[in-house]
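Okay, structure first, notes after.
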Amino acid sequence: MIDWFKDKKLSIDPRTKVVLLLLCVFSAMLAPSLQYELVLIMIIGIFGVCCKKWKYAFKGIIFYLLIYMFTIWTLDNMSGALRTMFVAFLGLFHKVYPCGMLSGIVLSTTKVSEFLSAMNRVHAPKKLVIPLAVMLRYIPTIQEDWHYIKDAMRMRDISPSLKGFITNPSMTVECIYVPLMMAASKAADELSIASVTRGIENPKPRTCLVQIKFKISDGIVFLCFLIFLLIELHIKGVII
């Protein structure tokens, strides 16, 4: 039974993922308390586990729990201008983090071909689809360049960590962050050219080896996020 579960992977239609992101934005924005945001993070974590993003979901939940406990401690023990500063920053963090965590799962589980095929099904405008398609490939490319730069600089005993930046800031910026910015700029141009070369602007209908369709799993995940949002709206008195 365990082996069967490990082999299974939750396959969600790219159109459903876009709707989930919108529901997550509204849920995070309208959350009446920190407890509701914590529940939202747990739901996103379960979704990540079902998509076989075990490590990502676990690390995301643990990191949020640490920030959650620090927020509670700040509200109970700090006062004055320092408390106001931390509350403002942490309030923004709690609103943005769920969307960022879900976006990471969506980006890592969505192929560009599947996304383009799904967007063609809903007749989305090219001006919207092309930038999003390039972004789907851009972030993994930057992550790959980042790992290459870190591996190269490790041989020169230069670390991008906070300790390395404090002990040798000029060398860290020159050897790590400047090459990363140059690689990021170059990657954007190369991906744009590659996308045009592969016919991303072709008005003809796109084909995809993966069958793009709504399944029962799409409906279940959508209902989970929708019910959570409706509960928040009920708590706030928006709906009865």
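Any Cβ shown, glycine's included, is placed from N, Cα and C.
Features as listed in TrEMBL:
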type	residues	note
TRANSMEM	20-49	transmembrane segment
TRANSMEM	56-73	transmembrane segment
TRANSMEM	85-107	transmembrane segment
TRANSMEM	220-239	transmembrane segment
Among 56-73, 85-107, 220-239, which stretch has the highest count of C-beta pairs below 8 Å with the transmembrane segment (20-49)?
85-107
Give the nonlocal contacts of the transmembrane segment (220-239) in its own chain as ranges (CB under 8 Å, at least six residues past its ends).
10, 12, 16, 19-20, 23-24, 26-27, 30-32, 36, 39-40, 43, 47
Mind checking which residues reach the transmembrane segment (56-73)? Cβ under 8 Å, same chain, six or more beyond either end.
34, 38, 41-42, 44-49, 90, 93-94, 97, 101, 104-105, 108
